[in-house]
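J.: From Swiss-Prot, for reference:
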- 10-17, 57-61, 120-123: GTP 1 binding site (BINDING)
- 184-191, 231-235, 296-299: GTP 2 binding site (BINDING)
- 4-169: domain 'EngA-type G 1' (DOMAIN)
- 178-353: domain 'EngA-type G 2' (DOMAIN)
- 354-439: domain 'KH-like' (DOMAIN)
Amino acid sequence: MARPVVAIIGRPNVGKSTLVNRLCRSREAIVHDEPGVTRDRTYQDGYWGDREFKVVDTGGLVFDDDSEFLPEIREQAALAMEEASVAVVIVDGQQGITAADESIAEFLRSRPCPTLLAVNKCESPEQGLAMAAEFWSLGLGEPHPISAIHGVGTGDLLDQVLTFLPPKDQEGDEEEPIQMAIIGRPNVGKSSLLNAICGEQRAIVSPIRGTTRDTIDTNIVRENRPWRLVDTAGIRRRRSVNYGPEYFGINRSFKAIDRSDVCVLVIDALDGVTEQDQRLAGRIEEDGRACVVVVNKWDAVEKDSHTMTAMEKELRAKLYFLDWAPMLFTSALTGQRVDSIFALAALAVEQHRRRVSTSVVNEVLKEALSWRSPPTTRGGRQGRLYYGTQVASRPPSFTLFVNDPKLFGDTYRRYVERQIREGLGFDGTPVKLYWRGKQQRDAERDMVRQQNRQS
């Protein structure tokens, strides 16, 4: 059984994301003094005592206004409560009861999910009890005074949360999920793709750029394998982004790339590859992440039997950083080839984690040398490649021992990398090669020997 879910519910700017960060001991949820910063529901891992659970942060609920994203935010909150064991309802103790709080209470009373009422911004325990007493009238049970920013009362609140969770013996050991980050420019269809993959409205979809302002974690299981999908805020040029929620969301997006096992880079089929797409491709390669390139909105392209081949050639010429990444033409709108994303991503992750024995590596290098010898300088010096070994995975990394790294130019280094890929595979993952000279190797050996003598 998956870990139980705790939903955080409340109107805008009452401190929901601050409480999430407090409960999860992190700063993943964006906190900013602008209402409506959180729009989609986002998940984090929570711990208390010997229990583990998922905390889902929802957007601020507003019932007297249907403009912009507010109806979708209400839908996201309703979906969060459907999967939750308990909903923690946050109100502002300093403001007292508002009409919005009463509307939320009415909304919650029609739901089967149990609720806990947390009165936030009660900085002192004595004043907190007096401030919280007013909220009995909401009909949501005992009000618990807390200060999310200082941690006052949050331990007692968590004790109450645990009473609503299913018994621990109903929870099984969970396999660590594969982290898959869905990244791309604004409005290329990342959230639509996430919803198509999950088969539900997990992320708010809108033609307005910047709808997603935070990273959104979604846990699903495909073919008995757990995945954690992260829909990220659209990444734009820094000079196009004002300081505020979108700025923080983009920083979260780069962090999502860093903590992912595989990135799905979404390209708009109508726009083709832009300069920003190229920068993202470079970031993925630089961070050493496995990758699948997904060309979305394929249904909107006028095409014949040669269009896909021609477009792939054009796209790959511009995404040369990711010439090793598989490319898939999809439509989030129609669902075309969406299921194939998992197969390609799973293969890329497998290759990203793969290790090869030293003997196999050197068989490939021997074959490469037989086809093309290292270059010779005008002075008659020729590069010599003695042997190689894999030193790391995630991404696969190899150290090649040579007489002098300076004798191996970029052209020959690319040739060796191609031969390693052709001989060993590694589709969907970058490969790192480290060229180490004989002098450096001997110096390291001498250092080790000296350390052994001293010990």
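Glycine residues also receive a Cβ, built from the backbone N, Cα and C atoms like all the rest.
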J.: Given a 10 Å Cβ-Cβ cut-off, pick out the one of the binding-site residues ASN13, THR58, ASN187 that has the most other Cβ atoms nearby.
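T.: That would be THR58, with the highest Cβ count within 10 Å.
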J.: Write out the long-range same-chain contacts of GLY10 (GTP 1 binding site), meaning residues 6 or more apart in sequence whose Cβ is under 8 Å from its Cβ.
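T.: Once residues fewer than 6 apart are set aside, GLY10 (GTP 1 binding site) is near LYS16, GLY60, LEU61, VAL89, ILE90, VAL91, ILE104.
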J.: Specify the nearest of the binding-site residues ASN13, THR58, CYS122 to LYS190 (GTP 2 binding site), where nearness means the distance between Cα atoms.
T.: THR58
J.: At the Cα level, what's the spacing in Å between THR58 (GTP 1 binding site) and GLY184 (GTP 2 binding site), rounded?
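T.: About 23 Å separate the Cα atoms of these two residues.
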J.: Give me the CA-CA distance between GLY184 (GTP 2 binding site) and ASN13 (GTP 1 binding site), in Å, as a whole number.
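T.: Each residue's Cα considered, GLY184 (GTP 2 binding site) and ASN13 (GTP 1 binding site) end up 29 Å apart.
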J.: Using a 10 Å radius around its CB, how many other CB atoms surround LYS16 (GTP 1 binding site)?
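T.: LYS16 (GTP 1 binding site) is surrounded by 28 other Cβ atoms within 10 Å.
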J.: In the domain 'KH-like' (354-439), how many residues does DSSP assign to helix, to strand and to coil?
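T.: Reading the DSSP string over the domain 'KH-like' (354-439) gives 34 helix, 22 strand, 30 coil.
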J.: Express the distance between the Cα positions of ASN13 (GTP 1 binding site) and ASN187 (GTP 2 binding site) as a whole number of Å.
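T.: The Cα atom of ASN13 (GTP 1 binding site) is 26 Å away from the Cα atom of ASN187 (GTP 2 binding site).
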J.: Can you give the mean pLDDT for the domain 'EngA-type G 1' (4-169), rounded to a whole number?
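T.: Here the mean pLDDT over the domain 'EngA-type G 1' (4-169) amounts to 81.
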